[in-house]
Every structure is written in C-alpha cells, then in structure tokens.
C-alpha cells in the first residue's frame, strides 16, 4: 500500500495535528487501562523529536454532540500525557479558530465528539481541523473504518496528510497477511455466530489454504457435515452457507470436543455456571442431544497445532472455546502456544483474541497484534477503510 508516512516527513517548525485513539476506559475518575495511551506515546515523541509543534486530538466515549460533560473530557488524558512526556500538556477546549503551540510543545484538543458535525463528517468542521495544521497525521487505526470529520474529513483538506507509525504498522502487517501472504496461509476464525463473521469467512476462503473454525461457528460447520451438535450454539439457517464455504477452502473439523450437560448450565449466569460444570471429552460422533460443545478436544487441538506449525502466515481472530473457564480453555491455550511457537508471520485481532493472548502470556511471540477491533475485521472482510482510502488517494 502506497501512502505518505509521518516518519518520512520533515516536521521541523511545522504544526502537526495527530489523530490518536485515546478512548480509554474511565471508572470513578480513574483511567483503568492505559494501553491506548502507551501505544500513542511513541508517535507523539517522534513528532516532538522532529521539532514539530504538536496538537493531539481524539474522541472519548459517546457524548451527545454539542453537549460536553466533564466525565467525557480528555482532562485525565492530558494529566497522563503530562506525566508520561515530562512536560506540560495543556488541554484546549476552544480550539476550532486556532491554537497557540510552539515547536517542541504538545497540546491536547478536547474530545472531538463534543463538536457538532464530527460523526457526520461535516466538511466545514473538517476544514476547521485542517486549518489548524501544516501536516495531519492519522494514527488511530481503531477509528479508520469510520468516515468522521477528525479521521477522513480532515485528511481530505489538510495541506499534507500522512499515516502515523501506529497506523502504518497496522497497514503493513495486514497487507502482509491479506494481500501478499507467504504460503501456506492458515486463518483461525472463531466466535459465536457465522452470521457476524460471514464476510470474514468468505473473504478468507479466497486467500488462505486452510480455515480453522471454532466456537459456535465450528458447530454450524459440524452440523453442515451431518454431525449432531446437541444443545450447542449453532445457526441452522446458515448450514448451507457453511457447506458453500467448505467447498471453496479446506476446513479441518474437530474430531473430538469438550462438552457439558446443558441441563447443568444457567444461561443467565453462563460463565458462573460453567465454572461448576463437568467437562467431558467426546468423539464428535458421540455428542448427544443434551450435550453442549464448549471447546475442541485434545486430539483436535494437537491436529490444529500441527497445521499451524507448518504454515508460513497465520491470521487469528477468535478463541476456539470458552477460554474464560479453564476446563473449557485447553483448546484455545494449545492454539495460542502453537501460534506463538510457529515460525510463521502471525497477526491477531479482536477483543477476545487479545484477552486469550494475555491469559496465556504469548504477546511477545505474536508477529503483530492489531489494536483495531472493528477496523481489523473490516479490513479482513476486504472493505475499504475511509480514513485509509483518503491517505492512499493523496499519496
């Protein structure tokens, strides 16, 4: 993919406006996870080291436009950045008509979603953002699938528009996995429903050599192959769709599974009741009417791990079992370790996948971990990300 990169630009004395994803969780006035802030720091520091006058902006939460509320302010983020950067980071609430910032300084602009027209990508608002800067840097991959004034609109009107290091790294990794994958390529796609991952499955079936499915998605594929899935989560209306996908790409199915008696499960306290449920390993052909499949069995986990060992590219989206409960997490654990130990280039994305990576402590052994949730899935689906498309246009 051809786009301008912030790292290639001369920023000395330039006014640089950086769109980051600083949408951090806040509880009782405390930031509960600073992961997104830590991810943004290298970009901000790099712009400062290049001698830029830096302005950073982001959204936080889902405020009603034009109705700013203190709990949705970026004030806590400004305090965090002040400490992390070792210099004062002032928060500007009134900035659309201009901001005073000098080379070597960084300021934070208040929550973009306080501005009427932000979400609808109002061109007048986008032009006001663009007028603040000499260079606009899009670095928020997590919002790249949204055409908003601070993501797509400003990039259209700014004198220069470039990708920041975070966004560039995401696009390079996704391009390597999806556009120029080294073969054989294996994708792991798991989740509760085929319907929510249908575009992902269809897209990957045309690219990868083998498609490992897990969770409720795997149950639908098992039903399509004629197996009884008992009380397991599956989508009867998508059995034919599963057959069509399996006709296009090799989909290795589980040969054994881990089940629980559905009558022991309280669906109003699903994870709580599962913790007390007995896990039973069964051959897939032995699943009974009252069984609920909650993980792949050890034989299947070993077979899937062997597939991953011989692959050159791995794309991973979703755990293959209810890994939050240990007796139904062995399959996801085995696959996590197999991805980590493989020599393949691996890319992982999606909230549950990241939680599994954290649980099994393999983050350092994954080639690239995508920060982008919905944007990651839309890229994998083959959809155009508006904030990326404008950077490609302007390159």
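Using the three backbone atoms N, Cα and C, a Cβ is placed for every residue, glycine included.
Here's what Swiss-Prot has on this protein:
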| type | residues | note |
| --- | --- | --- |
| BINDING | 21, 22, 23, 36, 59, 60, 61, 62, 113, 146 | substrate binding site |
| BINDING | 197, 324, 350, 351, 352, 353 | ATP binding site |
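Annotated features taken from Swiss-Prot, shown on the structure.
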residue	record	Cβ contacts under 8 Å, 6 or more apart
21	substrate binding site	36, 40, 58, 139, 140, 141, 142, 143, 371
23	substrate binding site	36, 58, 59, 60, 61, 142
113	substrate binding site	59, 60, 61, 62, 63, 65, 72, 119
324	ATP binding site	271, 355
350	ATP binding site	317, 318, 370, 373, 376, 377
351	ATP binding site	373
352	ATP binding site	191, 318, 319
353	ATP binding site	316, 317, 318, 319
* To do: Check the binding-site residues 59, 61 for other C-beta atoms within 10 angstroms of each C-beta and report the one with the most.
  => 59
* Where does residue 59 (substrate binding site) sit by DSSP, helix, strand or coil? -> coil
* Structure fact -> Counting every protein chain shown, other Cβ atoms within 10 Å of the Cβ of residue 197 (ATP binding site) number 25
* Structure fact -> Mapped onto three states, the DSSP assignment of residue 350 (ATP binding site) reads coil
* DSSP three-state assignment for residue 23 (substrate binding site) -> coil
* Structure fact -> For residue 324 (ATP binding site), the three-state DSSP class is coil
* **Three-state secondary structure, which DSSP defines for residue 197 (ATP binding site)** => helix
